[in-house]
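Going by Swiss-Prot, these are the annotated features:
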CARBOHYD  Asn153  N-linked glycosylation site
CARBOHYD  Asn180  N-linked glycosylation site
REPEAT    25-60  repeat 'TNFR-Cys 1'
SIGNAL    1-20  signal peptide
TRANSMEM  195-215  transmembrane segment
Amino acid sequence: MVLLPLRCLFWGSLLTTVYPEPRTACREKQYLVDSQCCNMCPPGEKLVNDCLHTIDTECTRCQTGEFLDTWNAERHCHQHKYCDPNLGLHVEKEGTSETDTTCTCDEGLHCTNAACESCTMHSLCPPGLGVKQIATGISDTICDPCPIGFFSNVSSALEKCHPWTSCETKGLVKVQAGTNKTDVICGPQPRLRALVVVPIIMGILLVVLLVSACIRKVVKKPENKVMYQDPVEDLEEFPMPPHSIAPVQETLHGCQPVTQEDGKESRISVQERV
């Protein structure tokens with residue numbers, strides 16, 4: 001009875017030695033072929049032949065324009081990425097047998113996804129928002145609202161929020177408060193404002209007076225010319241009639257008019273004198 005368990009143990013160990021269990025897993029950087037672990041090909045190389053009991057795995061280098069970037073058992077290499085200029089792409093870094101080509105977008109554009117297969121325009125931050133992070137070839141613009149004390153009045157992919165103007169540092173007073181879209185408006189202090197406004201008003205009044213004086217001087221010239229015209233010229237323009245040289249004298253005689261004839265002396269009788 002004691003020998004039976006010993007016999008079972010003996011035959012079990014013998015069968016295990018003759019018929020070993022097939023492998024189901026291999027070490028890192030190995031792959032399983034027909035229950036045998038073969039070494040993988042390194043990056044930049046592809047598989048040509050699997051290993052045998054006494055022969056190691058056969059690999060060969062990827063051709064130009066191809067690559068494999070990991071340890072592998074691939075029989076074909078991958079083609080390098082093509083950076084299509086029609087999509088706004090250009091080569092940022094040339095590919096090798098171990099790495100793929102890196103594409104990036106032209107200026108003002110960024111990739112639409114992680115693979116950078118196409119490009120799109122950078123976003124603009126509208127008024128009230130400033131640029132927190134400038135866009136790159138692989139990322140879009142990041143905008144941030146302008147906090148209190150700052151403003152942005154343009155749409156831009158570069159401009160950050162600007163601080164409000166400090167009126168006090170300029171010796172001015174605040175006329176209008178700022179917002180996230182507009183700057184503070186400054187103005188002169190009341191006393192300074194008067195010193196500025198009064199000379200301006202005086203200057204305007206002086207100009208008005210000078211203009212008025214010039215206008216009056218121009219208007220008076222023709223009037224003076226008429227008032228002091230040469231009398232000889234008037235006579236030439238308007239000659240006197242011939243009978244007006246020696247007008248007929250008239251006297252009264254007994255309340256009756258007496259006409260003095262031309263060429264005779266005028267005499268009055270004694271009675272008339274009395």
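Each Cβ is built from the backbone N, Cα and C atoms, and glycine gets one as well.
Sequence-distant neighbours of the transmembrane segment (195-215) (same chain, 6+ residues past either end, Cβ-Cβ under 8 Å): 188.
When the neighbouring Cβ atoms lying within 10 Å are counted for each of the glycosylation sites (Asn153, Asn180), the highest count belongs to Asn180. Computed over the repeat 'TNFR-Cys 1' (25-60), the whole-number mean pLDDT of the model equals 94.
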